[in-house]
Amino acid sequence: MTDSRYIGRFAPSPSGELHFGSLIAALGSYLQARANQGIWRVRIEDIDPPREVPGAADTILRQLDHYGLHWDGDVLWQSQRHEAYREALAWLGEQGLSYYCTCTRARIHAVGGIYDGHCRDLGLGAENAALRLRQTRPVLQFTDRLHGTLIANEPLAREDFIIHRRDGLFAYNLAVVVDDHFQGITEIVRGADLIEPTVRQISLYQHFGWQAPDYLHLPLALNADGNKLSKQNHAPALPEGDPRPEIVRALRFLNQDIAQDWQALSMDDLLSQAVANWQPAKIEHSQMAPAEL
C-alpha cells in the first residue's frame with residue numbers, strides 16, 4: 001500500500017439488529033482507528049440472502065449513528081461487489097488455483113469433517129458443484145495484536161476450502177479478503193469467533209500476492225448461560241434510548257479507563273475521552289468473557 005495511514009473497518013452482516021456483542025466489535029475497531037488518527041470504514045456483508053433480515057442493514061446503520069460511531073466515506077455493500085468477486089475467482093482459475101467439487105457435507109463428515117481433496121484432480125465441471133481453492137500456501141500460524149502468536153489447526157489450515165458455494169453464493173472468506181484489499185484495510189479488529197478463519201484469509205492474500213492486514217481479535221461477550229451473545233442466540237438489540245450507558249458498559253468490558261463524571265459528558269465527549277484513553281493492551285487476553293461485569 002502506498003498510503004501508510006491506518007484504515008480500519010466494521011463489517012456486520014444484516015442478519016438482525018446490533019446487540020451488545022456487536023457494539024464491542026464496533027467500538028473496539030472504531031477506537032483503534034481513531035486513536036491511530038485513521039479512517040474507519042463500514043461495510044455491510046449482505047452476500048447471504050437466506051440469512052438476511054429485511055430492513056436490518058438500514059437499522060444497523062441507524063444504530064451506529066445513534067451510538068456516535070460515525071464512519072468515513074460511503075458504506076460498501078457486498079451485494080454490489082459481485083463483479084469484483086467474479087474477477088477474483090476467474091484469476092484464481094487462470095492460475096490453476098481452484099477446482100470444482102461435488103462432495104456433500106455428509107461425505108466430508110464421514111471422512112472426519114475436514115475435506116480430503118477428493119475432487120482435486122477429477123476435472124469436474126461447474127454443474128451442481130462448489131469451487132474450492134487449490135491450497136498451495138497454507139498458513140499455520142499468525143500474530144494477533146492482542147493474543148500474540150496463534151497456532152492454527154493444521155488439517156484445517158491445509159484444507160482446500162470453498163470460495164464459491166454450490167448454491168451460487170460467494171463464500172465469506174473470498175468476499176472479505178477481496179473487499180478488505182479493495183478498501184485498503186490495514187488492521188482488522190473483530191471478535192475472537194473469527195480467529196479460526198483468519199488463517200484461510202491470510203492464505204488467500206498470499207495466493208493473490210497481496211499484503212495481509214494486521215489482526216486484533218477482541219474477547220467475545222457471553223450471556224448468563226455461557227453462550228456467545230449473538231443474533232442466533234437471540235441477544236437483545238441495543239437500547240434505543242441514551243446510548244452512553246451501553247458505551248460505558250462496552251468500555252468496561254474492554255477494561256478501559258472511564259471518566260468518573262461520564263454521566264455529565266455528551267456522547268461526543270465520552271467517545272473523545274475513550275479515544276484519548278484507548279489502551280488495547282489492557283483488554284483481557286481471554287477469548288471469551290461474561291457480558292455483565
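Each Cβ is built from the backbone N, Cα and C atoms, and glycine gets one as well.
In this view, Arg190 (L-glutamate binding site) is surrounded by 21 other Cβ atoms within 10 Å of its Cβ, with every protein chain counted. As annotated by Swiss-Prot, L-glutamate binding site applies to Arg9, Phe10, Ala11, Pro12, Ser13, Glu45, Tyr172, Arg190.
What Swiss-Prot lists as Zn(2+) binding site is Cys101, Cys103, Tyr115, Cys119, and the listing cites sequence analysis. Neighbour count (other Cβ atoms within 10 Å of the Cβ, all protein chains): 23 for Tyr115 (Zn(2+) binding site).
Annotated ATP binding site per Swiss-Prot: Lys231, in sequence order, evidence recorded as sequence analysis.
Counting residues per DSSP class in helix, strand and coil order gives 3 helix, 1 strand, 7 coil for the motif ''HIGH' region' (12-22). The annotation motif ''HIGH' region' is assigned in Swiss-Prot to 12-22.
If you look up Swiss-Prot, you'll see 228-232 marked as motif ''KMSKS' region'.
All protein chains considered, the CB of Cys119 (Zn(2+) binding site) has 18 other CB atoms within 10 Å.
Among the residues the record lists as binding L-glutamate, namely Arg9, Phe10, Ala11, Pro12, Ser13, Glu45, Tyr172, Arg190, the two farthest apart have Cα atoms separated by 16 Å. Same-chain neighbours of the L-glutamate site beyond Arg9, Phe10, Ala11, Pro12, Ser13, Glu45, Tyr172, Arg190, judged by a C-beta within 8 angstroms of the site's C-beta center, are, in sequence order, Arg43, Ile44, Val176. Around the Cβ of Arg9 (L-glutamate binding site), 27 further Cβ atoms fall within 10 Å across all displayed protein chains.
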